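Annotated features, as they stand in Swiss-Prot:
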SIGNAL    1-25  signal peptide
DOMAIN    27-151  domain 'L,D-TPase catalytic'
ACT_SITE  His111  active site, proton donor/acceptor
ACT_SITE  Cys127  active site, nucleophile
Amino acid sequence: MRFFLCSIFMMISPIWPLGENPLPGDPYVIVNKRTNELAVILDNKVEGVYSVATGKTDDLTPEGEFSVTVKAENPYYRKKNIEGGSPDNPLGARWIGFDAKGTDGRIYGIHGTNREESVGKFVSNGCIRMHNDEVVHLFQTIPVGTRVLITDDNRSFEEIAIEHKALIKKQDIPIE
């Protein structure tokens, strides 16, 4: 009977990944609101650090660990009915949406901009803005499911990544 109940439960329950998340080597994104920088962790190293814009006030850009749920090229701006690719579109060249505050990845995201001069400043309504060429690179680098950590921290990206198991310290790497 126990076997039967366990079998039924396994068939109707979602399949969860086994082990730690992220796995060593998986892409991982860290946004530091204190410095307005974004780091990409890839293959156990910081692959790149980019200047970004975050919320006008500290509470607008949510903090926590989220997952990329949607990606779009030349995203449509629904709020003002602006087609993707338009020079008037504030979302720029790419949209990388994540599930902050229980949303579906269409409210909060990392995106390009039509105001390149705003990058590096505290000016957004909660999203993370990047230069268009840099968000295109990020878009190509990270898949849906990538973890995104948004924090306000005075530590280095390496220290933050080690704490969140996105980087393994050299002495912790097993020798085969």
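Here the Cβ of each residue, glycine as well, is placed from N, Cα and C on the backbone.
Note that the coordinates shown come from a computational prediction; the quantities given were computed from them, not determined experimentally.
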Assigned element (helix, strand, coil) containing Cys127 (active site, nucleophile), judged by DSSP: coil
Rounded distance in angstrom between the Cα atoms of the residue listed as 'active site, proton donor/acceptor' and Cys127 (active site, nucleophile): 8
Neighbourhood of the residue listed as 'active site, nucleophile' by C-beta distance under 8 A, where only residues 6 or more apart in the same chain count: Thr61, Tyr108, Gly109, Ile110, His111
The domain 'L,D-TPase catalytic' (27-151), counted residue by residue under DSSP: helix, strand, coil: 19 helix, 52 strand, 54 coil
